[in-house]
Structure formats: C-alpha cells, structure tokens
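Read the structure below first, then the notes.
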Amino acid sequence: MQLARLSRPFWRGGTFRTWATRCWRRSWVNEARPLGAMSPSAGAGTNLKEVFREKIEPMHKQVVELREKYGEEVLGTCTVSQAYGGMRSVKCMTYETSLLDPEEGIRFRGYSIPECQKLLPKAKPDGAEPLPESLFWLLLTGDVPTDAQVAQLQEDMRERARVPADVLKILDSMPHEQLHPMSQFAAAINLLQRESAMAAAYANGANKSSYWEHCLEDALTLIARLPEVAARIYRNTFHGGKHVPPGQLGDAHDMGKRLARLLGFESPEFDELMRLYLVIHADHEGGNVSAHAVRLVGSALSDPYMAFAAGMNGLAGPLHGLANQEVLRWLVQLRQRLGDRPMTTENLTELCWQTLNEGHVIPGFGHAVLRKTDPRYTAQRQFALKHLPHDDMFQLVSKLYEVVPQVLEAQGKVKNPWPNVDQHSGVLLQYYGLRESQYYTVLFGVSRSLGTLASLVWDRALGLPLERPKSVTTEWIREHFHKQPMKA
Ligand code: AMX
C-alpha cells in the first residue's frame, strides 16, 4: 500500500508491477524503428535500445525503494542567500549520467576522464582517445560498451545522419555575418524538430510508458545529425559556403572523424582532438545552465529537439559555454597588449589586473562547483603536451596557469581561482587551423547533446514529473522573517 502511494508520480494509476507489465507489452508491439537497423544475426547484446530497456525496471525499483525508505529525509536546504545567489549548492534534483565532485571533477557514470580514456573503445587501428559513441552508450546504460556494441551504434547513427535538404537550404540562406553561429545552431535544431518522434507519438495519444522510446529515437537522430548541421554553419559562415559532401566521407565512421572531415580538416590528429573534445564536454551533472535547461524544458514534455535547443541558448552565455570563445579573444588581446615585452610573470600579472580593473572576469577561470583545476583542462593540456608542446599560444596558456590563480586569490572574492575546461579548448583548435573563435561554442553544443539527451531519455524512462519549484518575492521574505525570531 505504502509502495503504491509513493510510486504514484512515476506511473500514475497503478503499482510498479502493473506499470512495468504495460510497458513491456507495449514495447513488444511498438512500431519505432529498432536501433541499429539490425542485421539478422545481431542480438539484443549489441542493440542499445534493448540493452537500455533492460536497465529500466531495476532502476525504477531502486528509485521506488529509495523513496519509500528515505522519501521524507531532507536532501538539502536553501537559505535566503542561496535563493538570491543562483541556488548555488542547493541539492534539489537527481541526475543519473554524471556527478561532479568539487575537488576531483567530473565522473561519467562513476568513471573519471582518465578512466574513460583508458576503458572506452577507441578508433581502429591506433586511436588513443575514446569514441564519442562509446561515451553515449556509457552515459545511457552505465556500462562500458564492447567494440561490437559501439560498431552497431555507429552504423545506426550513420543511417540517421543525413540532414533534410530543405533544412540545409534554410541554413544556407541565413544572414551568416549577422547571426552568431550559436543562433544558427539553435535555429537549426528547431528546424529539425518537425521530425520529432516524441511530438508525433504524443499527438497520436502515445501511452506515457512509451515516452522513453520516442525520446531515445529523437536523441539518436538529433545527435547523428548535429555534425552535419554544425559543419554547415561553419562552412557557410567562414568558408563562403563551400561544403564537404557527406557522400565523400569515406571511412569516417565515428562522430569525431565525421565532424572533423565535414568541417574541412584532414589531419588524423584533428580527428583525435574532436573525439577528445566531444567526450570531455558531454556532461557535467544536472545543475549547469545547459543541462538544467534541457531537463526543465523536457519536463513540460516539450520534445527532445525543443528541449535541446533551449539548452543551447543557455550554453551560448559567456559565463557558460561561450567562455571558450571569450578565452581565445582574451588571449589574443593579451598578446597584443604585451607587444614586444617578454611573457614574464610580472608583465602577465599586470595585464590580468588590467582585465579585472576594466570590470571584466578572466574567462576560463573559476567555476560554480569545482574547487580545483578542472580535469577537462588537464586532459586537454596533456593532449597539447603530446601534440603541440612548442606552440606559442600553448606556452601562453601554460604561463597563465601559474599567474592567474595568484591574481584571483589576491583579488580575494573568487571561490575557485583554477582554470576550467574553456581555458584550454581554443588553443588546441587554433593550432590545427580552426581559428574562428565565435564558432567554438557550437562544438561544445554538439558534444553536450551526448550527455543532456542521454539524461533526458532517463527522465522519460523514470516518468519524472513537470519541474515546478516554488519562488517567493522579496516582500514575502521580509514579511516572513520579520515575524520569526532571529537566530542568536
Ligand atoms: N574572473 C574574475 N572574477 C571572477 C572570476 C573570474 N574568472 N570567477 C569568479 N569571479 C567573481 C565573480 O564574478 C563574483 O564577483 P561578484 O561578487 O562581484 O559578483 C565573485 O568572484 C564570486 O564568484 P564565485 O562564487 O567564485 O563564482 P560563481 O559561482 O558566481 O561563478 C563562474 C562561476 C564560472 C560564472 C565564474 O567563475 C566566471 O565568471 N568565470 C569566468 C567565465 C568562465 O570561465 N565561464 C565558464 C565556466 C565553465 C563552463 O560553464 N563552461
């Protein structure tokens, strides 16, 4: 009885058992295209949808048990300062795909970035960075995939990858010089939305228990199409609309290489950089602006395209994903201001103070949660040490690693003076010739689809409800606390 009452928000109108039975029954007769356009011999073991389906029941069960046992326990509190202060550190949501530790940094399903680099499948024959598709598999299922599982997912993604011609035509006709690449990107995602399986299923009266299937369908199609969309925006905006025809991609089987080639880059090192880039930017638990926007908008049952477009508008803010663009602009300005003077600690310290005194933040440093150097920064630094140790810009970034934390600590208000992911990404991209910094956040966005959409599929699989926290006015706070005795 107690179990049934607690489980109501997850599968209204019944116990878990009746909900699950309905769910399995529907899934046997569902009309959604099976993942992987399976070859006759391929079993459920390499089919992402079937592997994921098996994860749902145990996870549901766990959530029900936890809610039954701890449902009335307090997870976090919110002070007046936190309510005014961007809700920093308020524990008030769950998010399954990744968890951020302030000291250690991100873990994807429990695996640190170095562990992912070691364990996840790589490109054959000699790739050193994890394949982005393997990270999506890990984020969705919690399992490190086998080579065969990744190969089948790649095959499925390739079949979904072509962007409809009329969408490309609209992208080609946009005012590229006036419209920021992130505006073009968000618009493109909304244009693709007309093919949403989730929106169509909802309109046709689909049962709530099947939402995750349509959501997964949309997630896979959208992720598969983003490389072509992103490359189209890049070539239109910065290369006079000369495109690499997707039909000529040859053996570009994985998302990283495909993206690299569509952007117009040929070097195998750049393929590896794209793989690393897509993996490390994918997910950063649930409270950051882009992930939370996707979760929030998706909770209204807006389809994954609508939800992801909302997240991309959030990523486009300079305090979030746009920081990677701002970092490169700032580094270029720093070099100009330095002129003929040597790159000494004293000279760089002076220029950092100049930035602060002009009323600007130093982009690429600080974080709302992290309190140490971002492991995503460290992963990129290691890539630079391996491939471009003598690059001028890398030397500057390395030197700033010594200088900026001291300046920010001396300023005295920053909670974390250490570099974040955005401090390093532009330096790597410009080294290989991708110098148009206004474009960088689009690459961040392609990567973030892997984490935020995997999480969105879980939201629908768990039947999470509409998000609707309570807000109060300043007047309410004044009145409410006025009536309460103050703490001694
Ligand atoms: N340079 C100068 N001042 C900074 C700073 C920086 N890099 N980072 C924080 N501060 C300031 C804040 O603006 C705030 O000042 P205020 O009291 O006058 O408003 C004060 O220090 C305290 O801020 P905080 O509690 O340490 O950080 P936060 O949680 O409010 O903000 C963040 C976090 C990332 C927005 C902030 O560190 C920042 O603006 N960094 C630069 C932009 C950046 O790199 N963003 C990318 C973050 C990673 C990502 O999302 N991709």
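Every residue gets a Cβ built from N, Cα and C, even glycine.
According to TrEMBL, the active site annotation covers His320, His367, Asp422.
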Site of maximum Cβ density within 10 Å, from active-site residues His320, His367: His367
Distance from Asp422 (active site) back to His367 (active site), taken between C-alpha atoms, in Å: 11
Nonlocal residues around Asp422 (active site), in sequence order (Cβ under 8 Å, 6 or more apart): Gly321, Ala323, Asn324, Glu326, Val327, Pro363, Gly364
For Asp422 (active site), the three-state class that DSSP assigns: helix
